[in-house]
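Visitor: Okay, here's the structure, questions in a sec.
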Amino acid sequence: QGEKLWDALKISAYVFSTGLLLFTALVNSVSWFMQNITLGNFWQTAWLKLYNYFEGDEWTIFLLGAALVPALAFWGFNGILLVADITGKPTFITRYRIQLGKNDPVDTKKLRQAIYTALGNQFLISLPMLVPMFHVMKWWGNTFSKDLPTFQWFLVELSIFTVIEEILFYYTHRLVHHPVLYKHIHKKHHEWTAPIGVVSIYAHPVEHIVSNTLPVMTGPMLMGSHIVSIAAWFSLALVTTSISHCGYHLPFLPSPEFHDFHHLKFNQCYGVLGVLDYLHGTDRVFRQTKAFERHKVLLGLTPLSESIPETPKRAE
């Protein structure tokens, strides 16, 4: 038994160390390529041109990076999805629908309300919240530096942002599912049991502040991040949450099955990454479903609803 245990430990150590070395080599190679070949002088020069064009006006630059760029990313991505939601075309998108028969086509009255609410949350809540964030970033002193952060440092920041968002979103999301708060706050978001992309920020104002905005803003404020890093992170966060809500499991994009299942069942899958759900056991029902089997990146063109169909119900 002692020899078997020792052999198992040696194999585990070998696999772990080999994997760590390969991962480190890959990250360093990609980072070097991005920094010296792809990014390098091109992005640094572009940033200096933008900085000089606005004559170093930090507030204008901050609004451009923290508000305009993410908004364009959000509405640009969701604009494509809305065409599919409303018209049912192109079939290249609609054939990947998760909840078959839902939003086919989408209820235009509900959609109009969702768009108005999303715009209201962006302009009346998210935008004003950027004012205190701007002063926090100025206090750090390097947010508007003329030197861009290295690609390696941006990857470190991105990892930290993701962990912070996962922790804050999971617990605030579970909080608004408390019966007292759910009835008055979170129920609005769950009007959509089959969500679409724009519904990602269709929420009560309190929820939009506590669960949608603060978890994303906190990381950059703690790290004193560069405005370029903030713009990239905000845009990535908005597009990612749109994918989670879009209702389509599209090829080569992150799987939306996890959060789509949350909208379907309400009391499962509260987080973003699923780590805290696993630790707290709030994904147990999800793990017993076909949706869990489909919860992976689709690397082909055959919809997972076809390759992993639901088990037919037995006739009573």
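Just so you know, glycine gets a Cβ as well, placed from its N, Cα and C.
Quick paste from TrEMBL:
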- 160-282: domain 'Fatty acid hydroxylase' (DOMAIN)
- 12-34: transmembrane segment (TRANSMEM)
- 59-84: transmembrane segment (TRANSMEM)
- 114-131: transmembrane segment (TRANSMEM)
- 151-171: transmembrane segment (TRANSMEM)
- 222-243: transmembrane segment (TRANSMEM)
Visitor: Go ahead and report the DSSP secondary structure tallies for the domain 'Fatty acid hydroxylase' (160-282): helix first, then strand, then coil.
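Guide: So the domain 'Fatty acid hydroxylase' (160-282) is made up of 87 helix, 1 strand, 35 coil.
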Visitor: Within the same chain, where does the transmembrane segment (114-131) have neighbours whose Cβ lies under 8 angstroms from its own Cβ atoms, ignoring anything closer than 6 residues to its ends? I mean 6 or more beyond.
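Guide: Here the qualifying positions are 62-63, 66-67, 71, 188, 192, 196, 198-199, 201-203, 205, 208-209, 212-213, 217.
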Visitor: Averaged across the domain 'Fatty acid hydroxylase' (160-282), what pLDDT does the model get? Just tell me the whole number, please.
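Guide: Here the predicted model's pLDDT, averaged over the domain 'Fatty acid hydroxylase' (160-282), is 95.
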